Every structure is written in C-alpha cells, then in structure tokens.
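> One structure, pasted below without further comment.
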Amino acid sequence: MADTKEMKKVLFGPILDNNPIALQILGVCSALAVTTKLETALVMSLALTAVTAFSNLFISMIRSQIPSSVRIIVQMTIIASLVIVVDQILKAYSYEISKQLSVFVGLIITNCIVMGRAEAFAMKSPPFISFLDGIGNGLGYSFVLIVIGTIKELFGFGTILGFEILPLIQNGGWYQGNGLLILPFSSFFLIGGLIWFIRTIKPEQVEPKE
C-alpha cells in the first residue's frame, strides 16, 4: 500500500508539476476541439478522467495475467469498453452535449494520456495507486481544458456556462465578443500561454539549453 505522501504526489502532481498537456504535450487534439465553451470542456474532462481512472484500475488488477505480446490489444479493449459506456451515459442523460462533443468522446480510445498511463503506470503498479494516477492525470487534463474553456467562452461569447457576464453590444451591452477566440485554433495560442505561465512559476520544467 502506498504511503500518503506518494498518493498525494500521484493524485496532485499531474495538475502542475507533470501536467499531461502542458509538460508532456499529450491529448492536445481534443483540448483544441472541445474548449469553445466551458460546458463541453467540463463534460469532456469528466469523461476522460473516468475512463483513465477505471482503465488504470482494471488493467492493474489483471496486469499479471496479460501476456506481453497482446498487452496493447487488451488495454485498448478495456479502454474502448469504458468509452462506449461513457458515451452511452452521455447520450442518455445529456444528449445535446453529446452531440456537441460529436466524435471526440469516442476518440478517447486513442487519447495518448489514457494509453500512456495504462502502459507506463497501470501495468507496473497496484490497483489503488493506479486508480489514483488515472484520476490525477484526468485532473491535469481537466485543469487545462477548464482554464482554456473559461477564457474562450468568457471573452468569445461574454458568458460562463451560459450565464451572461460581459453584456454583448448586440444585446444592448458594452462588450464586443472576440470572434478569434471562438475558433478552435485559438486554443493553440492559449495553451502556449498557459505553458509559458506554468514554466514561469516552475522554472525547473524549462528544458536545458543544448
């Protein structure tokens, strides 16, 4: 059983110290696509966190029984099964958001974060700590999506979760929405800015000069 210090490191380390998007540059594609509004960013964050945590748990539980030659196939089968469950739950209880997320929930199957944690951590670690690792990396992914989604919705649409914060000119207010932020590629610049900010407050993450 892992000690409390190790569990805290596994659970909270991926948020800033070892963020899967900002430091490892994994899972960037979905981060670009689903952050136009905070609501879709939150749902995608929850979906990926659940899949990563439970895939880590199940893979770790059977890791000693998986032949090395087929381990990737087994991992993808478990991950795909969990993604199907999550996708069906979204369609049942939040159909409109499911339509907005489109194929990106299904593409969690190929997300580098999920596959990477299964191979690098769950295959070598006990179930409970693997479960925490999945949650931790999900939180790190969620942190980036929530920050980007909040900025884009607030300054692009003047709202947060659909509630008006900055009254738009077309509605009789004073704020002119930034149309550039509504476009998916603007997430590149925002993620770049977030990476710069994190490496400013944590200079140990800056790559040494060659």
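The chain as shown is numbered from 1 upward.
The backbone N, Cα and C atoms fix where each Cβ goes, glycine too.
Annotations for this protein, taken from Swiss-Prot, read as follows:
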TRANSMEM  10-30  transmembrane segment
TRANSMEM  42-62  transmembrane segment
TRANSMEM  72-92  transmembrane segment
TRANSMEM  103-123  transmembrane segment
TRANSMEM  143-163  transmembrane segment
TRANSMEM  178-198  transmembrane segment
> Among 10-30, 42-62, 72-92, 103-123, 178-198, which stretch has the highest count of C-beta pairs below 8 Å with the transmembrane segment (143-163)?
178-198
> Between the stretches 10-30, 103-123, 178-198, which wins on the count of C-beta pairs under 8 angstroms to the transmembrane segment (42-62)?
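So the stretch in question is 103-123.
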> Can you find at least 3 Cβ pairs under 8 Å between the transmembrane segment (103-123) and the transmembrane segment (178-198), where each pair is 6 or more residues apart in sequence?
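Result for the transmembrane segment (103-123) with the transmembrane segment (178-198) is no.
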